[in-house]
2 protein chains.
Amino acid sequence: MSTAPQTSIRSGKGPGEAVGIALLGFGTVGAEVFRLLNENADAFAHRIGGPAEVRGVAVHNKNKLRPGVPAELLTDDAEALVRRDDIDLVVEVIGGIDYPRHLLLTALNAGKSVVTANKALVAAHADELAESADRAGVDLYFEAAVAAAIPVVGMLRRSLAGDQIRRISGIVNGTTNFILDAMETTGASYEDALAEATRLGYAEADPTADVEGHDAASKAAILASLGFYTRVTFDDVHCEGISQITADDIKAANKAGYSIKLLAICEVLIDESGKKSVNARVHPTLVPKDHPLASVSKSYNAIFVEAEAAGSLMFYGNGAGGNPTASAVLGDVVGASRNIVHGGRAPGENTYAHLPIADFGEVLTCYHIDMEVADRAGVLAAISEVFAQRGVSLRTVRQENGNGTARLIVVTHSAREAALEEIVAKLGDLDEVKAVHSVIRLHS
Amino acid sequence: MSTAPQTSIRSGKGPGEAVGIALLGFGTVGAEVFRLLNENADAFAHRIGGPAEVRGVAVHNKNKLRPGVPAELLTDDAEALVRRDDIDLVVEVIGGIDYPRHLLLTALNAGKSVVTANKALVAAHADELAESADRAGVDLYFEAAVAAAIPVVGMLRRSLAGDQIRRISGIVNGTTNFILDAMETTGASYEDALAEATRLGYAEADPTADVEGHDAASKAAILASLGFYTRVTFDDVHCEGISQITADDIKAANKAGYSIKLLAICEVLIDESGKKSVNARVHPTLVPKDHPLASVSKSYNAIFVEAEAAGSLMFYGNGAGGNPTASAVLGDVVGASRNIVHGGRAPGENTYAHLPIADFGEVLTCYHIDMEVADRAGVLAAISEVFAQRGVSLRTVRQENGNGTARLIVVTHSAREAALEEIVAKLGDLDEVKAVHSVIRLHS
């Protein structure tokens, strides 16, 4: 039997002793973390068992005025800061990958515990970071990396540690949920809804990482790793964004009783021989209106978890923003600081299951296919044949006739992704099919 | 500065060593805990760092057949079991107060960690149990005591440890939510909905503890204690049940845009001088239909948390039943067992804030008052005067005229509970008021 990867017990500094904190980054989140640590200093001291003292703040330009921050705390030498003897805990809220990776490895190797909000870094390099933390016997926390203040990391790592997760389905990107929700409630086009999201500050000037699903894919990798005790990285996640979703798609979905949501879905597949594998994917998904995920509006996030014993659980809240992210970072600061004062370590990365990553073609999904077809006899027979040949059965078929053409909306039963992809390609080649307007998967 | 009450670091048994578990009780939850520990033994060993072995099961009648349980594990001497040298962790799923209290104090004093699902025990005797755990340097876990598989204890104790909770509003009793939801969806009377709940197994033969709010009050005491770092016990909770709610109340609430839910509400009050106090209460509450709590149907539970930095969060899931409760118990078993193997302790009870319990009359609420009044001029003036004299302003007034009488529905702005109680008493004395049909508080 292999054992959980916690290697050694760490003895604490002792109750009442202060914890020295290095804050890397002073953007929206960093400034909130600093402010709240100061404003609620008494509460933090009581909850930790000793004062939490920010002893250095690493910034790009240390000459820029930062109201409320004593000048002597500011430094532009982050690397020197994380090595300092009076630093016990490094809090990283810079973003990016290579630079914070270098800093956090330096910190861990120097025996400092680490709290990071950096999803891209964790999704790409969790193994390396976890190994350094294990070697040094320190903690690595990253609650804020997924869905900000929604405590999904702690929930998967601790609360559900006695259960077997079957599937995690999450709305983990506020920008895309805002856009899809606006399209649904106002009938706006994708372009107009994106413009509105940008105007209101929900979308960045370059929205690619959000709208193409990359941000959600990082979070899917982290969720799958935690839920299935298997290393899943960003590159393992199949990713499709929302930029192809039209106002027409939303309208058709609504009419059929669905909302379209960008979901991060993580699940375990079991093949005929009982062999398990893990799939993590991000794509626009038709969610039945009576499913709790369908009513998650605006820029809210929610994580829906299905587990063997717990059944269905949902966690809902603010998935982004300075304050909610600071809340998650500070919960980690209390946890890591408590261990620094009292000794002990949090449960670390544990990938004992080592499940293989599933081939995406093996994933079972249902398709909702909206196409324009010729308005003549025999069309439905020709189309049905394409599905039947590949062993895919149809759940519903709806035809709306116009003048000379007809719209055909087909919903399949669950089938292998590879078969469904082949079917869509084949449908495009049929004379009877004038256009395949959209192909959207269903949440079942 | 006082320090958090963790007193000592505990060193572990060492990776790979087995954890000896005593299971007290073999009802629905106990049987599921036993089954899942066996079925998923490999997963537990990997997550803990050593095997979790049930070495004794204490039952009332050890001669009763328990399929799957080796006879040599069964004992009717629970007290001897919890003292045994080969037991490291005691899991209590018996229920009741005095007997499990005695057993768990015995276990803690003998240096065993404890996991309990017993809300009544924790709500009444948390101080005593926590002190024994601290003295012995062991863990006391009770995630399953509130809302079963919804990990609200861990969330308050760990994830939100860096935030300041403002209010917790929870649907924490599945029986009453099932009854209220059935009344709303079918128009049934309270009596018929209760009968249906009993028939389907959602209500016990004697439903008093559920329908009168006592079960929810235990959970409110636990939530308030955790959220506000202050000891709140069952006796501190103001408690009103749902047995007075009529089909008419539900209909009127719906018409006005509300659902009626039995809420456990825990909040911090701040008086004019800035002095803080804690209030915990359970009562039927009008929840606006667009609030996430309003859509919690059937026997589901949900906890809505408002915090300074995190904003609003909601946690939703199965709040009762053998499997969901077992999920929460087993998450605690993994946590406590990890600490037994690797050393360290979980954050214990921490009541550093020591806030006073608010006088219930000082609580600010809004009232929805439904009364029958005389259908003549001057009635509204007389009634308004009663509110005005006590400084309470009205948010809405709606009058429906019949033949000779009229129905008047008044919703107040937020006001002191004491003033509102006085007003209701005074209204009952007015000649103009023929009957006060219902008085229900609003969630604002």
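Glycine too: its Cβ is placed from the backbone N, Cα and C atoms.
No curator has checked TrEMBL annotations; they are predicted automatically.
Annotation source TrEMBL lists active site, proton donor at B:Lys219. Listed in sequence order, B:Lys119, B:Ala123, B:Ala145, B:Val146, B:Ala147, B:Gly170, B:Val172, B:Asn173, B:Ala264 are the same-chain residues at least 6 apart in sequence whose CB falls under 8 Å from the CB of B:Lys219 (active site, proton donor).
For B:Leu24, B:Gly25, B:Phe26, B:Gly27, B:Thr28, B:Val29, B:Gly30, B:Ala31, the entry in TrEMBL reads NADP(+) binding site. Sequence-distant neighbours of B:Thr28 (NADP(+) binding site) (same chain, 6+ apart, CB under 8 A from its CB) are B:Gly321, B:Gly322, B:Thr325.
The NADPH binding site annotation in TrEMBL covers B:Lys119. The number of other CB atoms found within 10 A of the CB of B:Lys119 (NADPH binding site), across every protein chain shown, is 23.
Listed in sequence order, B:Thr175, B:Thr198, B:Asp210 are the same-chain residues six or more apart from B:Glu204 (L-homoserine binding site) with CB atoms under 8 A from its CB. For B:Glu204, the entry in TrEMBL reads L-homoserine binding site.
In terms of DSSP helix, strand and coil, the domain 'ACT' (B:368-441) has 24 helix, 34 strand, 16 coil. Here TrEMBL flags B:368-441 as domain 'ACT'.
With all protein chains in the displayed structure included, the most crowded Cβ environment within 10 Å among the binding-site residues B:Gly25, B:Gly27, B:Gly30 is that of B:Gly30. Taken residue by residue with DSSP, B:Glu204 (L-homoserine binding site) is part of neither helix nor strand, so it is coil.
Of all the binding-site residues listed (B:Leu24, B:Val29, B:Ala31), B:Ala31 has the fewest other CB atoms within 10 A of its CB. Within 8 Å of the Cβ centroid of the NADP(+) site, not counting the listed residues B:Leu24, B:Gly25, B:Phe26, B:Gly27, B:Thr28, B:Val29, B:Gly30, B:Ala31, the chain contributes B:Leu23, B:Glu32, B:Val33, B:Phe34, B:Val93, B:Ile94. Within 10 Å of the C-beta of B:Phe26 (NADP(+) binding site) there are 23 other C-beta atoms, taking all protein chains into account.
Mean model confidence for the domain 'ACT' (B:368-441) is a pLDDT of 93.
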